[in-house]
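J.: This is the structure I want to talk about, given as structure tokens.
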Amino acid sequence: MGIIDKIKAIEEEMARTQKNKATEHHLGLLKGKLARYRQQLLADEAGSGGGGGSGFEVAKSGDARVVLIGYPSVGKSSLLGKITTTKSEIAHYAFTTLTSVPGVLKYQGAEIQIVDLPGIIYGASQGKGRGRQVVATARTADLVLMVLDATKSEHQRASLEKELENVGIRLNKEKPNIYYKKKETGGVKVTFTSPPKTNLTEQAIKMILRDYRIHNAEVLVRDDQCTIDDFIDVINEQHRNYVKCLYVYNKIDAVSLEEVDKLAREPNTVVMSCEMDLGLQDVVEEIWYQLNLSRVYTKKRGVRPVFDDPLVVRNNSTIGDLCHGIHRDFKDKFKYALVWGSSAKHSPQKCGLNHRIDDEDVVSLFAK
């Protein structure tokens, strides 16, 4: 029996099994097996070297990467053409984009790479179409922009979320608060900081570890709301990606005002119409907000700060991160920094490598 057949058999057994107290451990074991087989399927495909095709991979560049994911002909290519400095082939039929097309969104002094991926197809997690290559690129994103057709949004969103979930991409989720360490000896030790309120029991943890052939490990569950699914994610951590997702509903000109209002009120959501140029600026502003970037202006001694060419860093970055962004060896030569702005207690403040900088701070760096 091949891996795809095994996956199908487990999914069918899970569908047949009633969810209750008596079956929750059995279902948890099936979920663990399913996660293992899906990962094996993706690893086999990646190792086979097939399917990528010319131009599929795009080198990561700029201050952040955003990937556009959606079904064919939902308006991804149109959106890319409207907000970036590139052109993606556009047509009114499915599968126009056959390779990943990059563009650059210049906003607030930052250069944000936007990648229009081939239209993802239902069944990517079982090896259908080019979905596997699409999700492999999505794993490298700082933000997923899920573009949906407002006239078909409910079905599209649910199926895309399921596909991404199946291949280990977790949208708008935090890593489970579980400490897990594989050991050489000592057996399995499980500790809960408070009694679990879910199906994640000590027995379930030990059953799943046994199925993964892990006989020595330390597990500390710090959150009483963690589930079996969360624990499976923890032991498969190297194959899990926790990515922010912004849901963009296109073609709002084709639905009622009531429906537009309902969609717009959902969290992490923007509504727009590419054809009518409605809501495009809202999309750009929300991308900037979700990426949570900070601009830092540099200043040389005796010279005014450079305000038209900021260094862009992740929010909550330190002076050390800033130095590394300039050059990886710069930290070794670093002496001190002078900081003006909201992160400084007084202006200027003399700071070391661990000082956290805020958006629009001005920084002077001094070397030894």
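A Cβ is built for glycine as well, from the same backbone N, Cα and C atoms used for every other residue.
A quick note: this is a predicted structure, and the numbers were derived from the prediction, not measured.
The GTP binding site annotation in Swiss-Prot covers 70-77, 116-120, 250-253 and rests on sequence analysis. Per Swiss-Prot, the feature domain 'OBG-type G' maps to 64-292. Look at Swiss-Prot and you will find 292-367 tagged as domain 'TGS', backed by sequence analysis. The phosphoserine annotation in Swiss-Prot covers Ser364.
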J.: Which residues does the residue listed as 'phosphoserine' neighbour through Cβ under 8 Å, counting only same-chain ones at least six apart?
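T.: Set apart from the residue listed as 'phosphoserine' by at least 6 residues yet with Cβ under 8 Å, we have Thr298, Lys299, Lys300, Arg301, Ala337, Leu338, Val339, Pro348.
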J.: Which of these binding-site residues has the least crowded Cβ, counting other Cβ atoms within 10 Å: Leu117, Ile252?
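T.: Counting other Cβ atoms within 10 Å of each of the binding-site residues Leu117, Ile252, the minimum falls on Ile252.
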J.: Tell me, if you would, which residue among Ser73, Lys76 (binding-site residues) has the fewest other CB atoms within 10 Å in the structure shown?
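T.: Result for the binding-site residues Ser73, Lys76: minimum number of other Cβ atoms within 10 Å at Ser73.
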J.: Over the domain 'TGS' (292-367), what is the model's average pLDDT?
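T.: Across the residues of the domain 'TGS' (292-367) the model's pLDDT averages 91 on the 0 to 100 scale.
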J.: Helix, strand, coil: count each for the residues of the domain 'TGS' (292-367), based on DSSP.
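T.: Helix/strand/coil tally for the domain 'TGS' (292-367): 12 helix, 29 strand, 35 coil.
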